[in-house]
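As given in TrEMBL:
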SIGNAL    1-24  signal peptide
ACT_SITE  His62  active site
ACT_SITE  Glu116  active site
ACT_SITE  His120  active site
Amino acid sequence: MMKTQKSLLIKIFVVQCLLVLCVAQDFDFFYFVQQWPASYCDTRRSCCYPTTGKPDEDFSIHGLWPNYENGKWPQNCDRESSLDESEISDLISTMEKNWPSLACPSSDGVRFWSHEWLKHGTCSALGERAYFQAALDFRKKSNLLENLKNAGINPRNGEHYTLESIKKAIEEGVGHSPYIECNVDTQGNHQIYQVYLCVDKTATDFIDCPVFPRGRGCGSKIEFPPFSSDHDEF
């Protein structure tokens with residue numbers, strides 16, 4: 001009887017493991033999402049700078065998100081998982097700079113990274129370190145700020161730009177068309193918030209997006225807000 005129960009438990013465990021693996025691999029592509037940090041802050045929601053210091057006025061990583069071509073996405077594919085900081089110890093300093101948390105209260109980013117890993121990373125079919133390394137590599141490869149500057153768009157000069165000019169600059173630099181999401185500041189001005197690029201399901205290369213997300217649209221003129229000069233922290 002004991003042998004039968006043990007055999008049954010092993011079979012159940014194997015099935016559960018296979019189910020988690022299938023769910024993790026059952027997606028079509030990734031959205032690689034970067035945000036303009038000051039646009040996160042320059043709303044009624046406000047923000048808190050990380051405990052590691054004020055972020056650069058440059059695009060930072062929001063996440064690397066598995067998605068389906070029907071517009072839906074998997075999430076929380078392994079609820080028993082947890083972020084193992086030892087797996088990414090050599091990446092922490094780079095993540096603090098390029099993947100900061102602006103949520104309140106101020107933090108060192110670990111809670112944010114843990115959320116991204118549990119919600120999205122566990123569905124990526126990548127190991128923890130490979131998942132975070134891939135996102136950092138795609139940020140470097142996309143080089144949004146430099147691509148914009150090469151097209152005569154300087155986000156730090158306070159000018160407004162058209163949506164098409166921003167999309168064209170990124171497409172020429174990356175080789176694939178982005179999706180641009182905007183939000184509005186407290187005066188109702190449209191500002192660039194997030195840039196979506198698509199990545200193949202092996203997290204190897206940028207690809208043409210099979211489908212664009214349904215985010216907030218942009219007005220005819222878009223600004224890149226600076227961090228407030230009135231405070232060190234919102």
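Glycine too: its Cβ is placed from the backbone N, Cα and C atoms.
TrEMBL labels come from automatic prediction, so no person has curated them.
Neighbour counts of Cβ atoms within 10 Å were compared for the active-site residues His62, His120, and the top value is held by His120. Glu116 (active site) sits 8 Å from His62 (active site), taking the Cα positions as reference.
With respect to their backbone Cα atoms, His120 (active site) and His62 (active site) stand 11 Å from each other. In the structure as shown, the Cβ atom of Glu116 (active site) sits within 10 Å of 22 other Cβ atoms.
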